[in-house]
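Novice: This is the feature table in TrEMBL:
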- 1-39: region 'Disordered' (REGION)
- 48-69: transmembrane segment (TRANSMEM)
- 222-248: region 'Disordered' (REGION)
- 283-319: region 'Disordered' (REGION)
- 292-309: compositional bias 'Low complexity' (COMPBIAS)
- 310-319: compositional bias 'Polar residues' (COMPBIAS)
Amino acid sequence: MNRVGHESEDAEHAGAEHAAEHADAARAEHADAENDSRVKRLSRVTRMATLVGTAAAVTAAAVCATVLVRHEVTNDPSRPEAAGAATNPGGVIIAHGSDRHPSQTAADWVTYADHVVAVTPVSEREISPTAEELENGEGLILRDVTLRVDDVLWSSDTPGKPAPTSFEWVAHGWQFTEGDTANRTEMAGEHQPRIELGHSYVMAIEWQPPVCAEEDEIPGQWRGLGSDSNIPFDGKVLGRGESEGTATTTARALSAAKAETDPDDPNYSLEDQLIGKSATALTEALQKAEPTETGASTTASTAKKGAAAQSSEATVTCE
């Protein structure tokens, strides 16, 4: 092969290498752009997850992984879905997350709660997705639910704020996909009520002062303790009503609780103990319970409540 031929081959080889490098760079740039977009979406998901009534701050990866777990609607004629109520054929997405505080026992409730109240949702509005979510074609639509306080069943000696007559509650709503906010699937927290109109609930609530971080201000609000701090309460019967977006009868709740009748079982909760009983039984259990005295979080919670109780008014917004 002559010199010209070798030069031609070298040029072609160099051109191919350059093209490959350019393609790799383009793919890397595209991947970086996708990752940046994903981080923005997850940042939104993470922040909104921290606003949902009972959830603590959770990692973006955890939210991303767990909101895709679906609890499928079963063909059970006793469930309202099978009886002809409108449902999404994809079922209900069950969101998992960390609890803000322990909430399984009466001792947990009297340790961390400011008040235990019976409530009824009276109105709700959708919380619109962000522009980024709309642009990406997927995201969360949460709900701002107004709760009427029907009764105060128990109060701490040092509450962060007096019991409200009504309050706002950020609740799970839907996940939308495919660029269409109407293409949505209901979301609910694992093993807890979704908080829906037409039902009543008992809630252990704690006043959370405003979070005044730069450019991420969150006003003071009433929050739950964890996944076991909200109990269905239709007809003033504990355990009867809506849970995970499905209406549950007392008999069904009792049947489910029979699997967790051992008080030493880690899944045994105050709700399991009191299913089928009245608010009076709950109040009596709380009055007999003693606050736990271990853990730094307990000390911090007690100190916070004591300081708030001494002030004339709990702060609602950042100054």
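Backbone N, Cα and C atoms are what each Cβ position is placed from, and that goes for glycine too.
Keep in mind that TrEMBL annotations are predicted by a computer and have not been checked by a curator.
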Novice: Same chain only, please: residues at least 6 beyond the ends of the region 'Disordered' (222-248) with a C-beta under 8 Å from a C-beta of the stretch. Say none if there are none.
Specialist: 53-54, 56, 71, 79-81, 92, 94, 99-104, 108-109, 112-113, 118, 164, 167-169, 186, 188-196, 199-208, 254, 257, 269-271, 274-279, 281-282
Novice: Under DSSP, the region 'Disordered' (222-248) has how many residues in helix, strand and coil?
Specialist: 3 helix, 12 strand, 12 coil
